[in-house]
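Encoded as structure tokens, the structure appears first; notes follow it.
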Amino acid sequence: MSDNVPTIAAVATAPGRGGVGVIRISGKNLLPMAQALCGKTPKPRVATYADFTDADGQAIDSGLLLFFAAPASFTGEDVIELQGHGGPVVMDMLLNRCLELGARLAEPGEFTKRAFLNDKLDLAQAEGVADLIDASSRSAARLALRSLKGDFSRRIHGLVEDLITLRMLVEATLDFPEEDIDFLEAADARGKLDGLRRAVDDVLANAQQGAILREGLNVVLVGAPNVGKSSLLNALAGDEVAIVTDIAGTTRDAVRERILIDGVPVHIVDTAGLRETDDVVERIGIERSRKAVSEADVALVLVDPREGLNEKTRAILDALPSELKRIEIHSKSDLHAHAAGGFGTGAETVIALSAKTGDGLDALKRTLLREAGWQGEGEGLFLARTRHVNALKAAQEELSLAALCGNHQIELFAEHLRLAQVACGEITGEFTADDLLGVIFSRFCIGK
């Protein structure tokens with residue numbers, strides 16, 4: 001980083017009242033600030049009890065002062081932490097005192113961004129920090145910690161090293177352009193490429209599992225009005241999150257709920273019945289439902305077996321994207337016998353279900369996990385993001401194109417290897433545009 005880097009400060013603990021609150025400060029040459037704040041010059045990595053004072057020397061609070069000298073700190077800069085009492089007024093007064101002494105308020109994720117720019121973390125590890133904080137299940141927390149500790153990064157660095165080795169081998173042959181020699185075969189470049197492709201496939205498979213655990217599955221409930229969508233949402237959520245009546249059109253807006261199935265987040269939207277209406281409020285809800293459908297991974301199509309595919313249900317099915325996965329749900333199975341087979345909804349799976357008794361719920365949950373592609377938490381998994389999966393797919397594609405190169409297309413072969421390396425480097429931040437960094441770190445909380 002540049003030498004002309006401002007000192008930043010922020011409250012590092014969650015908003016609200018608590019037993020302890022922490023102010024984090026990062027910058028260069030922070031000992032004078034510590035002296036002004038506490039009247040003491042702290043020793044590195046030693047907790048010092050002190051009064052935190054204002055400009056007039058009046059005590060604001062008292063607590064622990066910790067100093068981490070550069071480069072042995074989280075950000076790679078001098079870092080001070082003030083651990084005081086966790087009241088919002090006290091934290092605000094302490095933070096304002098830091099700003100008076102020359103710090104500026106940190107932007108979201110700026111501490112972690114500085115750690116990345118100072119080579120304390122790579123980009124995948126930095127994202128692991130945010131994912132650990134945002135983890136919605138124990139499985140997600142465990143896998144995020146693996147990413148933070150560098151498990152994912154080490155896999156990527158291994159791929160990059162193998163790519164560099166193969167590139168050096170192939171590019172060295174460009175100095176010998178004799179047409180009667182197959183350098184790709186002579187150097188076993190194709191054999192090494194096959195090994196690389198298998199390694200990328202393995203990392204990609206793990207990343208896809210990690211992305212499922214982080215991103216989850218988007219599910220919409222669709223069906224004719226009063227077919228039982230809200231009852232099913234309540235049954236899945238284990239709570240009364242949607243109003244249930246016998247009146248068609250009770251759900252006038254899309255109702256959203258998030259549940260966990262085997263640690264995998266499932267985002268469920270109970271759509272307002274997709275139909276034409278003169279009601280202005282209901283029409284807005286229906287438009288929101290259509291948007292939810294366009295973003296869904298799976299549609300649960302509820303059908304009353306006594307009625308089958310009536311005109312309203314057919315109209316709803318016609319409005320669904322043709323590529324959207326569908327699971328056909330025969331609702332209210334406690335009231336009538338399950339119809340054999342499906343009703344031609346385009347679903348590969350048909351489940352008879354009673355939201356009232358719970359029959360069929362476990363089968364539905366298992367089916368949702370299968371549709372998500374979740375294979376269960378195993379060894380070697382790490383939390384990943386969609387951008388990681390896309391980068392690995394790009395690398396996979398470049399290696400596939402390299403495999404198609406003819407025996408004497410060495411320059412093209414080498415170029416595909418280079419592009420595969422660039423794709424892998426985007427994951428760890430070796431090749432990453434500044435605007436992408438801005439997006440990634442802006443989603444962190446302030447103080448991290």
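From the backbone N, Cα and C atoms, a Cβ is placed for every residue, glycine too.
Taken from Swiss-Prot as is:
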- Arg24, Glu81, Lys120, Lys448: (6S)-5-formyl-5,6,7,8-tetrahydrofolate binding site (BINDING)
- 226-231, 245-251, 270-273: GTP binding site (BINDING)
- Asn226, Thr245, Ile247, Thr250: K(+) binding site (BINDING)
- Ser230, Thr251: Mg(2+) binding site (BINDING)
- 216-373: domain 'TrmE-type G' (DOMAIN)
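A coil conformation is recorded for Lys448 ((6S)-5-formyl-5,6,7,8-tetrahydrofolate binding site) in the three-state DSSP classification, outside any helix or strand. When the Cα of Lys229 (GTP binding site) is compared against those of the binding-site residues Arg24, Glu81, Lys120, Lys448, the shortest separation belongs to Lys448.
The Cβ of Lys448 ((6S)-5-formyl-5,6,7,8-tetrahydrofolate binding site) has 21 neighbouring Cβ atoms from other residues within 10 Å, across all protein chains displayed. Residue density at Lys229 (GTP binding site): 30 other Cβ atoms are found within 10 A of its Cβ, drawing on all protein chains shown.
Spanning the listed (6S)-5-formyl-5,6,7,8-tetrahydrofolate site, residues Arg24, Glu81, Lys120, Lys448 have a farthest Cα to Cα distance of 18 Å. Ranked by Cα separation from Asn226 (GTP binding site), the binding-site residues Arg24, Glu81, Lys120, Lys448 are led by Lys448. Cβ neighbour count for Ser230 (Mg(2+) binding site): 21 (other Cβ atoms within 10 Å of its Cβ, all protein chains included). Sequence-distant neighbours of Lys120 ((6S)-5-formyl-5,6,7,8-tetrahydrofolate binding site): residues of the same chain at least 6 apart with a C-beta under 8 Å from its C-beta are Pro71, Phe74, Thr75, Gly76.
In this structure, Lys229 (GTP binding site) is part of a helix by DSSP.
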